[in-house]
Amino acid sequence: MKQLRLETINKVQGTVNIPGSKSISNRALLLATLAKGTTTLTNLLDSDDIRYMLASLKQLGVNYRLSEDKTVCELDGLGAPINSNVAQTLFLGNAGTAMRPLCAALTLGEGEFILTGEPRMEERPIGDLVDALRQLGAEVTYLKSEGFPPLTINATGLNAGDVEIAGDLSSQFLTALLMVSPLAKGDVNIKIKGELVSKPYIDITLALMAQFGVKVINHDYERFEIKSGQSYVSPGKVLVEGDASSASYFLAAGAIKGGEVKVTGVGRLSIQGDVKFADVLEKMGAEIEWGDDYIISRVAKLNAVDLDMNHIPDAAMTIATAALFATGTTHIRNIYNWRIKETDRLAAMATELRKVGAIVDEGHDYISVTPPTKPHTANIDTYNDHRMAMCFSMLAFADCGITINDPDCTSKTFPDYFEQFAALAC
C-alpha cells in the first residue's frame, strides 16, 4: 500500500485555483447529452467519477471531444432520450453522481441496460430512486440485494403522473428524478416524503436545468412540478464552477496556519451550497473575505462550534479535522448521510480522529470532537474515500506530522491535491 508522509507545516500562503465541481460536471454532461445542440463544457473536472460518466456516454453512442488536459469537453447532444438496440452493461466504479442520474435517464428511452460498479457501490442505497421511477412505470430489477446496485433497466419511457420520493437519505435521488421528469410522457408532480437533506445540492440541479431551458416549479422543497412539452436546449457554453467541497481544505488551512489562502473558482456567486463552509469557519473565528469568484481565509484563533451541517455534508468533514485546532468541543449535527457515502464517514472519521488523540462521540447522525492537548502522529486509513484523505491533511499543521495511507484515492475528485497542498507551505 502506498503511503504519504506529511511533515509539519508551520505556515501556508498562496492562491489555489480549484478544479471543477464533481456534482456540476456530471450533471452538466448528462443534461448536455439529452439536449438539442452542441455544448462546450469548460473547467470540467478530470477525475475518476467523470471518467466513468464519459466512458458510459461514449458506450451509449454519445459523441464528444475532450481537450488534451481533459478539462474542456465539446459534446453533441442527442436532443432525445438515450436508446440502444443492444443490451448495454455500464461499469460505474464508485461514482454515485453517475450511477443515480444514469439509472433515471436510461428509463426514458428504449433498451436494456445493466448498471454495476465496485463492491462499495453495491452497499450504497438506490432503492428510494428506483421506487420513485417504478411509480412512473419504469421496469427496474435488482440483480443482487434489494435496494442496491447492480440493477437492470428495461426501458420503454417514463409515464406522467404523481410520484413520492424519500428525501431524508440522499438528495441525489431527487436530483436524478428532477433531471429526467421534463422528458416523461406528460406532467410530473414530485412530493417529498420526510425532510429533504442537502437542499443546496437541489439548487445546483435546478440552476443547471434552467441553464438548459427547463423550468421547475418548486413549492418550498416539499413539492416540485415539471410541466410536459419542455425540452433541453444547449446553452452553447457551460462553465463548471470550482468544487466548493474541495475548496474547504485550503480555506481551513488558511484559518489554521495562514498567512492567507485565496481559492479561486468559487465565491459569492457560486451555485454550490458548500461555499457556506466559509461561514462556518468565520463562526469559528477565521477572517473570511468574499469576492464574486474567490474566497480568502486568514489565520485566527479558532473556537469550537455546535451546528447543524446538513446543508454542507461534504465540507462539514473538514470541520471535524479543523476542530483539532479549535478551543472546546465541536459538535457537527444532522449528518446521517455521511454513512452512505464512499464509506461510512461517521464511523471512519471517529476511528481516525481517535488515532491522533481526540476525544470523539459518534452518534447516529452526529459527531463531537474534543481536541487533545497535543495531537500525536498516526497512520491514517482513508477507506478509499477521497475526502478522508484530504481532510486529514490538516494534521500536517500539528507538530507531529501525519502519514496518509492510500493517498491516491483523491483521484476521485482532486488527483493532484497533495501537490497543491504542499505548494502552499512557506
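Using the three backbone atoms N, Cα and C, a Cβ is placed for every residue, glycine included.
Database features, via Swiss-Prot:
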- Asp314: active site, proton acceptor (ACT_SITE)
- Lys22, Ser23, Arg27, Ser170, Ser171, Gln172, Ser198, Asp314, Asn337, Lys341: 3-phosphoshikimate binding site (BINDING)
- Lys22, Gly96, Arg124, Gln172, Arg345, Arg387, Lys412: phosphoenolpyruvate binding site (BINDING)
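Projection of Swiss-Prot feature records onto the structure.
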residue	record	Cβ within 10 Å
Lys22	3-phosphoshikimate binding site	27
Arg27	3-phosphoshikimate binding site	26
Gly96	phosphoenolpyruvate binding site	24
Arg124	phosphoenolpyruvate binding site	20
Ser171	3-phosphoshikimate binding site	26
Gln172	phosphoenolpyruvate binding site	25
Ser198	3-phosphoshikimate binding site	23
Asn337	3-phosphoshikimate binding site	20
Arg345	phosphoenolpyruvate binding site	25
Lys412	phosphoenolpyruvate binding site	23
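The record assigns Lys22, Ser23, Arg27, Ser170, Ser171, Gln172, Ser198, Asp314, Asn337, Lys341 to the 3-phosphoshikimate binding site, and the maximum Cα to Cα distance across that set is 20 Å. A Cα-Cα distance of 14 Å separates Asp314 (active site, proton acceptor) from Gly96 (phosphoenolpyruvate binding site). Neighbour density for Arg387 (phosphoenolpyruvate binding site): within 10 A of its CB lie 29 other CB atoms from the protein chains shown.
Taking CA atoms as the reference points, Lys22 (3-phosphoshikimate binding site) and Gln172 (phosphoenolpyruvate binding site) are 13 Å apart. In three-state terms derived from DSSP, Gly96 (phosphoenolpyruvate binding site) belongs to a helical segment. Between the alpha carbons (Cα) of Asn337 (3-phosphoshikimate binding site) and Arg387 (phosphoenolpyruvate binding site) lies a span of roughly 14 Å. Here Ser198 (3-phosphoshikimate binding site) is positioned 16 angstrom away from Arg345 (phosphoenolpyruvate binding site), judged by their C-alpha atoms.
For the pair Ser198 (3-phosphoshikimate binding site) and Lys412 (phosphoenolpyruvate binding site), the Cα-Cα distance reads 21 Å. Across the structure, Gly96 (phosphoenolpyruvate binding site) and Ser171 (3-phosphoshikimate binding site) place their CA atoms 11 angstrom apart.
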